[in-house]
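Following: one structure in structure tokens, then a few remarks.
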Amino acid sequence: MIVAGQRRRTIWPAAEADAVYIIDQRGLPHRWLELRLTDIAEVHAAIRSMAVRGAPLIGATAAYGLALQCRHQATDAALQAAKAFLDNARPTAVNLAWATQRMLDALAPIALDERCAAAWAEAGAIADEDVAVNESIGEHGLALLRRLAAAKPADAPLQVLTHCNAGWLATVDWGTALAPVYKAQAAGLAVHVWVDETRPRNQGASLTAWELGQQGVPFTLIADNAGGHLMQRGQVDVVLVGADRVAANGDVCNKIGTYLKALAAHDNGVPFYVAMPLSSFDATLGDGRAEIPIEERAARELTHIAGLDDKGEMTEVQLAPAGCNALNPAFDVTPARLVGGLITERGIVAAQAAALQALVGAA
Ligand code: MRU
């Protein structure tokens, strides 16, 4: 996407193939910070601390992590250990284990002294494919947005509600849930986005709001609790969210609070769609609600809040009473019955086992 007049990706390799650069998303929207990662410990820390976040992007970052590991030790055992270490950084988004497994599968038949170059090429391919996949999701999603817009008065923008950040910052480029919005903008289809703030880490307020602003897409930030109210008043035409993992039965795991949006959408007859690259599909899990591991993050993300002080310095302030108990599940699972459809790179599919099986089988 374009930032300050420049075409950017969220991750890019150093020309010397000895490091990978990321945008440190903890600085946004206040600071543009870039981080140079040189080994898997730094890659693990960047994923765990959410300097990089978003399911597809943590997959691509972990792939580069394994390429960096090859510079030190590229034996099968070393790569297996590195994969386990990286997969452990965040447990919910399946893209992480998907990318590291793809790296290992690609490297297994390669001679030890050629693995470094091969790993670098494979990580680059994963990143490039992510861009193409998301652009394709954008095209399929655009067709959906056009259909929904056709049912509205010609001068009224299509009202999209989104949760968390599933835009270009969450991927290598384009985003998943926001790719159709960017395609709509390019096609001249008027769109306005309601941006959930997304407590507790506020990816909506800090990242989606920044990202849409950069791209010139009209948006309004809302409190997480406002979505149901807007839906009751007919101010939302479609809910579009991303996914961290979709199970074989079509259950969708995404940022905490997504489930409540799906319930409100169902109650109000608002279409609820999930953008899902196939790298987020986990055919090994039959029942998403029972089986998808839900990451629990530090209580401090709830009890404290980060922002700028009146001198423009980044700071953190305490919201909750000192030492209070707090529980911070980072994701929830929306049952398939509440999902209107899954927007994938191969088209829009029902959130149902048979339809998903047919889609994946049709490779
Ligand atoms: O905790 P985060 O910020 O990594 O969570 C991100 C989300 O939940 C996104 O909606 C999801 O990863 C899809 S991103 C294209």
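Positions of Cβ are set from backbone N, Cα and C atoms, glycine also.
Automatic, uncurated: that is what TrEMBL annotation is.
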Which one, R8, R9, R90, is listed by TrEMBL in the same substrate site as R53, G54, A55, Q203, N254, K255? R90
Please find which two of R53, G54, A55, R90, Q203, N254, K255 have the most distant C-alpha atoms, given that the record lists them as binding substrate, and give only that distance in angstrom, rounded to a whole number. 17
Distance filter, Cβ under 6 Å of ligand 1; input binding-site residues R53, R90, Q203; output R53, Q203
Counting other CB atoms within 10 A of each CB, which of the binding-site residues Q203, N254 comes out lowest? Q203
In three-state terms from DSSP, label Q203 (substrate binding site) for me. helix
Other than R53, G54, A55, R90, Q203, N254, K255 themselves, what residues in this chain have Cβ atoms within 8 Å of the centroid of the substrate site's Cβ atoms? I58, A93, C164, N165, A166, A170, G242, D244, A330, F331
Could you tally the C-beta atoms, other than its own, that fall within 10 angstroms of the C-beta of D244 (active site, proton donor)? 32
Nearest of the binding-site residues to D244 (active site, proton donor) by CA-CA distance, picking from R53, R90, N254? N254
